Amino acid sequence: MTNSNRIKLTWISFLSYALTGALVIVTGMVMGNIADYFNLPVSSMSNTFTFLNAGILISIFLNAWLMEIVPLKTQLRFGFLLMVLAVAGLMFSHSLALFSAAMFILGVVSGITMSIGTFLVTQMYEGRQRGSRLLFTDSFFSMAGMIFPMIAAFLLARSIEWYWVYACIGLVYVAIFILTFGCEFPALGKHAPKTDAPVEKEKWGIGVLFLSVAALCYILGQLGFISWVPEYAKGLGMSLNDAGTLVSNFWMSYMVGMWAFSFILRFFDLQRILTVLAGLAAILMYVFNTGTPAHMAWSILALGFFSSAIYTTIITLGSQQTKVPSPKLVNFVLTCGTIGTMLTFVVTGPIVEHSGPQAALLTANGLYAVVFVMCFLLGFVSRHRQHNTLTSH
């Protein structure tokens with residue numbers, strides 16, 4: 001593989017995460033405007049965004065098989081066509097059914113693109129370098145999560161219609177589409193070059209189960225926590241502005257942490273540092289949940305920084321449980337994480353209704369403790385060390 005080709009594929013991976021981050025995180029910014037547009041209460045409008053999450057979940061799950069049937073370049077180019085149709089649907093329709101369908105299509109496109117992006121990184125890089133590259137790729141999710149809400153605020157403040165926010169997000173896919181030209185993608189399944197040696201099917205092992213549970217609990221815990229921090233902070237007498245600043249600080253610190261750990265991870269065994277970070281994150285979340293408002297800003301900054309590397313390290317270790325990175329395995333771990341996203345309000349909504357926001361934060365804390373236990377148990381069964389030894393010879 002030529003260096004320029006590798007750079008193009010790496011940028012496609014970066015932008016695939018930016019696309020998903022922009023679509024998921026911008027929701028809160030535009031929801032009120034969309035509710036006004038359709039003359040609906042915000043609470044019923046939020047349910048239609050489930051179509052976005054459902055599209056992401058279904059496409060990540062199915063793409064484990066689709067990757068071996070439909071070439072990656074074809075998928076990305078077809079995704080561009082779907083993206084144009086979805087944004088056009090948002091712009092020119094006044095029907096809630098069409099809006100929901102467009103959201104589902106956006107979810108499908110972003111899920112397919114993100115699973116391809118993840119697979120490209122696991123395919124192009126080996127060992128510890130894979131972990132740091134995947135972490136840097138994931139930082140584009142957070143970066144888009146910071147940039148696009150600012151773009152949305154800028155447009156909405158000037159009374160520009162909300163659908164132009166999605167048109168701006170579509171520009172990320174335009175860049176991906178342009179990068180596919182003159183770029184060679186790894187061939188999979190029936191398109192892969194034929195070899196005389198029989199393909200040995202590897203068993204995944206129990207380590208994948210531990211990592212999948214950790215991925216689900218981590219994302220469910222993280223989103224369950226950050227979704228209810230503003231309500232919890234307001235209950236302690238903080239202003240809405242200060243409560244919002246806590247969330248912004250978390251994501252800013254999370255992004256800085258990703259950049260820092262993309263360098264730091266190269267010097268450590270991934271399973272050991274993952275266990276340490278998961279334990280630290282659980283402790284820091286407990287400090288935030290039981291601390292005074294005066295210490296909240298510092299504890300959430302520390303939590304964002306030290307938890308930033310957990311999810312991508314889980315995915316990296318998943319890809320290292322087999323000698324050859326398996327798209328099915330990587331997508332399985334990703335799917336478990338996405339199920340965590342889908343369950344966020346299903347799990348935390350009733351808890352908040354019955355026991356208040358702090359109960360939701362403590363539940364999230366319990367989920368982080370489960371992540372720590374899974375990472376600790378992984379140490380006894382993980383195959384990443386033997387596979388790293390093989391690739392280094």
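The backbone N, Cα and C atoms fix where each Cβ goes, and this holds for glycine too.
Among the features that Swiss-Prot reports, topological domain 'Cytoplasmic' is placed at 1-10 (among others), with the record citing sequence analysis. Residue counts for the topological domain 'Cytoplasmic' (1-10) under DSSP (helix as H, G, I; strand as E, B; rest coil) come to 8 helix, 0 strand, 2 coil.
The annotation topological domain 'Periplasmic' is assigned in Swiss-Prot to 32-50 (among others) on the grounds of sequence analysis.
Here the topological domain 'Cytoplasmic' (72-77) has a mean pLDDT of 93 out of 100. Annotation comment: Swiss-Prot describes 72-77 (among others) as topological domain 'Cytoplasmic'.
Residues annotated as topological domain 'Cytoplasmic' in Swiss-Prot, with sequence analysis given as evidence: 122-133 (among others).
The feature topological domain 'Periplasmic' is assigned by Swiss-Prot to 155-161 (among others). Note on the topological domain 'Periplasmic' (155-161): residues 29-30, 33, 37, 168 of its chain, located 6 or more positions outside it, place their CB under 8 angstroms from a CB of the stretch.
Residues annotated as topological domain 'Cytoplasmic' in Swiss-Prot, with sequence analysis given as evidence: 183-205 (among others).
Per Swiss-Prot, topological domain 'Periplasmic' is recorded for 227-244 (among others), and the stated evidence type is sequence analysis. Within the same chain, residues 250, 293, 296, 300, 344-345, 348, 352, 356-358, 360-361 sit at least 6 positions outside the topological domain 'Periplasmic' (227-244) and bring their C-beta atoms closer than 8 Å to a C-beta of that stretch.
Secondary structure counts, DSSP: the topological domain 'Cytoplasmic' (266-272) has 5 helix, 0 strand, 2 coil. Residues or ranges marked as topological domain 'Cytoplasmic' by Swiss-Prot on the basis of sequence analysis: 266-272 (among others).
Marked as topological domain 'Cytoplasmic' by Swiss-Prot: 318-331 (among others). For the topological domain 'Cytoplasmic' (318-331), same-chain residues at least 6 beyond its ends with a Cβ under 8 Å from one of its own Cβ atoms are 60-61, 63-65, 67-68, 115, 118-119, 122-123, 127, 130, 188, 202, 204-205, 207-208, 211-212, 215, 270, 382-384, 387-388, 390.
Per Swiss-Prot, the feature topological domain 'Periplasmic' maps to 353-360 (among others); the stated evidence is sequence analysis.
The topological domain 'Cytoplasmic' annotation in Swiss-Prot covers 382-393 (among others).
Feature annotation from Swiss-Prot assigns transmembrane segment to 11-31 (among others).
Among the features that Swiss-Prot reports, transmembrane segment is placed at 51-71 (among others).
According to Swiss-Prot, the transmembrane segment annotation covers 78-98 (among others). Remote same-chain residues near the transmembrane segment (78-98) are listed as 38, 40, 48, 105-106, 108-109, 112-113, 163, 166-167, 170, 173-174, 176-177 (criterion: CB distance under 8 Å, separation of at least six residues from the stretch ends).
Sequence-remote contacts of a segment are chain residues at least 6 beyond its ends whose Cβ falls under 8 Å from one of its Cβ atoms, and for the transmembrane segment (101-121) they are 9-10, 12-17, 19-20, 23, 48-49, 51-60, 63-64, 66-67, 72, 75-76, 79, 82-83, 85-87, 89-90, 93, 130, 133-134, 137, 166, 173, 176, 185-186, 315, 325, 327, 330-331, 334, 338. The feature transmembrane segment is assigned by Swiss-Prot to 101-121 (among others).
Swiss-Prot lists 134-154 (among others) with the feature transmembrane segment. Outside the transmembrane segment (134-154) by six or more residues, the chain places 10, 13-15, 17-22, 24-26, 28-30, 117-118, 121-122, 125, 162, 165, 168-169, 172, 251-252, 254-255, 258-259, 261-262, 265, 308-309, 311-313, 315-316 with a CB less than 8 A from a CB of the stretch.
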Segment proximity, the transmembrane segment (297-317) to the transmembrane segment (206-226), 3 or more C-beta pairs under 8 Å: yes
Contact call for the transmembrane segment (11-31) against the transmembrane segment (273-293), three or more Cβ pairs under 8 Å: no
Stretch-level contact, the transmembrane segment (245-265) and the transmembrane segment (297-317), CB cutoff 8 A, at least 3 pairs: yes
Range from 51-71, 162-182, 273-293, 297-317 with most C-beta pairs under 8 A to the transmembrane segment (361-381): 273-293
Close approaches to the transmembrane segment (297-317) from elsewhere in its chain (Cβ under 8 angstroms; 6 or more beyond its ends): 118, 122, 130-131, 134-135, 137-138, 207, 211, 214-215, 218-219, 222, 229, 245-246, 249-258, 260-261, 265, 270-271, 273-274, 277-278, 280-281, 284-285, 287-288, 291, 330, 333-334, 337, 368, 371, 378, 382, 384
